[in-house]
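Everything below concerns the one structure shown next.
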Amino acid sequence: RVFCLACGDQISRSELQEHFEALNPTWKAEAFGVAPDGDVFLTDEQVRHFQVPACRKCGGILKPEVTFFGDTVSREKVDFVHQRLAESDSMLVAGSSMQVYSGYRFALAARDRKLPIAVLNIGPTRLDHFASLKLDSRCGELLPLIV
């Protein structure tokens, strides 16, 4: 989901994608390299003319409903994850080094509950020493094979 920082209105990410495509009909999603964290390198020309849609209700800034590095994780989300952990028989960490404590604490809670933890990530993670399974692979390549 995506929400407006000003008024809180929400839309689906797929609906936002339709707005992106309507505003940028000739834009090509062509990356000129990929960083280890999944970021892509774009040319100045690709970025300069790219139009970003505003909130349909108030014109405010839209933000994906995710927690970015440096954001505070809401108490509601923390409680939600702990409730899901209480219902779980294992934990999968995909595409994270778990260096940020806000995510790492959930893995600690899973470990304290004696849940097996599987880690799918390129390179080392903070969980490697207590994960039950560590797969050094790209999420986009391996996850479709599992599902």
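For all residues, glycine too, the Cβ spot is worked out from N, Cα and C.
Noted in TrEMBL for the protein shown:
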DOMAIN    1-147  domain 'Deacetylase sirtuin-type'
BINDING   Cys4, Cys7, Cys55, Cys58  Zn(2+) binding site
| said: Taking 10 A as the limit, how many CB atoms besides its own sit near the CB of Cys58 (Zn(2+) binding site)? | reply: 13
| remark: For Cys55 (Zn(2+) binding site), the number of neighbouring Cβ atoms whose distance to its own Cβ is within 10 Å equals 19
| request: Identify, in sequence order, the residues in the chain of Cys4 (Zn(2+) binding site) that are 6 or more apart from it along the sequence and have a CB within less than 8 Å of its CB; answer 'none' if there are none. | output: Gln10, Cys55, Lys57, Cys58, Gly60, Ile61, Leu62, Lys63
| Near Cys7 (Zn(2+) binding site), how many other Cβ atoms are within 10 Å of its Cβ? | 12
| field | Shell of the Zn(2+) site beyond Cys4, Cys7, Cys55, Cys58, same chain only (C-beta within 8 angstroms of their C-beta centre) | value | Leu5, Ala6, Gly8, Asp9, Ala54, Arg56, Lys57, Gly59, Gly60, Leu62
